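Some notes on the structure that comes next.
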């Protein structure tokens, strides 16, 4: 026994002595014991169908030389939560309490909206084989009962699918929505509906499955390159979702009559007229639940990490792919029958995880059960609100309206474990001196883009080059929209850069954090509820919505500054919440739905020259303020201590930057809609071109945003003559596709940095 080992042994025997695990001698062999404990724990725990990360903590303690759990300072945050879960005797009671609350809410809403004509005798007649002459019994049998079954089965399916995705990917942000599965299924169904008889040889469920598999497969491939890092995987999935949603919106714009059902179907309406959907969704859930519950040991090993799973001989890639295939197929079955239910697969597993289930099988079963009750309660409340308000309120919108605040509240009281996520790293561009040469290069591209957008057009007879002096009327018609698109792109790009500085991470953007969604919700509220049509008033309401959303995100980011996954999850929750409000408005907008959809897609047709000049004045003022305050703004992402030590008033700087970013986002949303994705892609492209100093990055971001929107508006004008695709929609397609390509080029080592 060496000197250090002898001291450690004497300290261990000494009553009340120093903690032996802090001694140098005790550290010898820790790595060997940890590897042995991981193998033994994986084999032992997998035999019980439990996740090693959530059980057999005594092996971890023995491996660390701490059998009694005394040295708390050497534990990670994850180990502390796991030990708390082992000592917590009431996880089942917590889950049961949540289930009781959801069941009581659903029962209360159902009772409040119950038709008094449906008596007990009517219910008894309508249970199995209702007589044809009793209309109330027929309606109960073919409308009410199937709707209840569909709500329970669809909710259970989405809760189970979300829990499986989060477990095997080890990602609290994973869900059918954030991984693009629902958007892929929706886009495939829209294509099948347009194809008509040509696609009738396969049912809609199969087309939905193809779309979901394609989207999930792309996310999986890109996520594997990035080692399934949570924030990047969610961001890639959201980019793919935005790309597919933009493509689906373009199809709806040009085929409004044939695809009008997507307004209601996309909001998640559960109304039924027979038992077909109930039987199909229930069968899909039963089969998937049986398969996934049988694979509980494998899911538990994958949830513990590839190292633990590989130590017992599991082929992690194959197992993860097969299990995800079952979850994707289950999601596609639900989406094809009831539409997009946007929040159950994300919020319910998060709530169950906070209840600290003891095993993976318990986690899956509880997620399925609470998902069923959550969607049942949401649908009952949707029916009650529809009856009281005289408007159609889809169940999918209600799940977001009430699920998002619940998830946000839970996140505000909880700290996600894990290391801080590194910034997004991409391969550098060709510019070694990114100063004046980069600015000159981007400015030259912008000049060419503006000239092309103003002078080059396309008609039914072919391409034409406009004479600005001979065709003055056409030139004056194009000038406002080109100028508006250019300035709006620059404004939303600058807003994105400022938001990244405020929140403190490079994955933030007005679109992803719900800021553009807040502006859109404020504008839709003013237009439909208040009947306000003045552009200036709409900008004020949009700015109010954007500022309110940004305040919430800023407050949350301050609490979880080093947890990008938590901030993104809160932003996604806010975005889905605001999107549900807009969807309810679109469903009940009547003849105004097409106009609202056109505006939300970013059409610049109605932009006037005074509006463009006003946006330009705002952008010039904002740019001047940013240049003057560039040093203060550049310090914001260093935290609060360093800027405060340098004499900076951090809170005042954050609030001023916040107001400026919200004003830019709301003004740009008025022109290009909330779907542009320019606020995220432009700062990343500027960083890709090695614009490292903040002043250089501001100029490069402005120019890139202006170039993207100018070219997007021109492409939308000439691509499908005589129809015009909104420039914001083209920018959403191009921006999301560009980010997907950049994510594909990302260095594999960055994910693990």
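Cβ coordinates come from backbone N, Cα and C, glycine included.
The feature region 'Disordered' is assigned by TrEMBL to 1-34.
Annotated compositional bias 'Basic and acidic residues' per TrEMBL: 15-32, in sequence order.
Proximity of distant same-chain residues to the transmembrane segment (173-194), defined by a Cβ-Cβ separation under 8 Å and at least 6 residues beyond the stretch ends, is recorded for 158, 161-162, 165-166, 202, 204, 207-216, 218-219, 230-231, 233-234, 237-238, 240-242, 244-245, 247-248, 251-252, 255, 258-259, 261-262, 266, 328, 331-332, 335-336, 339-340, 342-343, 345-346, 349, 565, 568-569, 572, 576. Marked as transmembrane segment by TrEMBL: 173-194 (among others).
Sequence annotations record features per position, and here TrEMBL assigns transmembrane segment to 275-293 (among others). Long-range contacts of the transmembrane segment (275-293) within the same chain, counting only residues at least 6 positions beyond its ends with a Cβ under 8 Å from a Cβ of the stretch, are 142, 145-146, 149-150, 153-154, 156-157, 160-161, 164, 205, 299, 323, 326-327, 329-330, 333-334, 337-338, 361, 364-365, 368.
Nonlocal intrachain contacts for the transmembrane segment (321-351), taken as residues 6+ away from its ends with a CB within less than 8 angstroms of a stretch CB, comprise 98, 150, 154-155, 157-166, 168-169, 172-173, 175-178, 181-183, 185-186, 189, 204-205, 207-209, 211-213, 216, 220, 264-270, 277, 280-281, 284-285, 288, 291-292, 295, 298-299, 302, 363, 367, 370-371, 374-375, 394-396, 399-400, 403-404, 406-407, 410-411, 569, 572-573, 576, 579-580. Look at TrEMBL and you will find 321-351 (among others) tagged as transmembrane segment.
As annotated by TrEMBL, transmembrane segment applies to 438-459 (among others). Counting only same-chain residues 6+ beyond the ends of the transmembrane segment (438-459), those with a CB under 8 A from a CB of the stretch are 431, 465-466, 468, 474-475, 478-479, 482, 485-486, 689-691, 696, 699-700, 703-704, 706-707, 710-711, 713-714, 717-718, 721.
What TrEMBL lists as transmembrane segment is 479-500 (among others).
Outside the transmembrane segment (512-532), and at least 6 residues removed from its termini, the chain residues within Cβ reach (under 8 Å) are 235, 238, 492, 495, 499, 503, 538, 541-550, 553, 567-568, 571-572, 574-575, 577-579, 581-582, 585, 589, 592, 596, 600, 661-662, 665-666, 669-670, 673-676, 679-680. Sequence annotations record features per position, and here TrEMBL assigns transmembrane segment to 512-532 (among others).
Annotation comment: TrEMBL describes 538-557 (among others) as transmembrane segment. For the transmembrane segment (538-557), same-chain residues at least 6 beyond its ends with a Cβ under 8 Å from one of its own Cβ atoms are 408, 411-412, 499, 502-505, 508, 510, 513-523, 525-527, 532, 566-567, 570-571, 574, 578, 654, 658-659, 661-663, 665-667, 669-670.
The transmembrane segment annotation in TrEMBL covers 564-585 (among others).
The transmembrane segment annotation in TrEMBL covers 616-636 (among others).
Annotation source TrEMBL lists transmembrane segment at 656-682 (among others).
TrEMBL lists 694-715 (among others) with the feature transmembrane segment. Long-range contacts of the transmembrane segment (694-715) within the same chain, counting only residues at least 6 positions beyond its ends with a Cβ under 8 Å from a Cβ of the stretch, are 434-435, 438-439, 442-443, 445-446, 449-450, 452-453, 456, 481-482, 485-494, 496-497, 604, 623, 626-627, 630-631, 633-634, 672, 676, 678-679, 681-683, 685-687, 725, 727-728, 730-731, 734-735.
Feature annotation from TrEMBL assigns transmembrane segment to 721-743 (among others).
Counting Cβ pairs under 8 Å to the transmembrane segment (721-743), the stretch among 479-500, 616-636, 656-682 with the most such contacts is 656-682.
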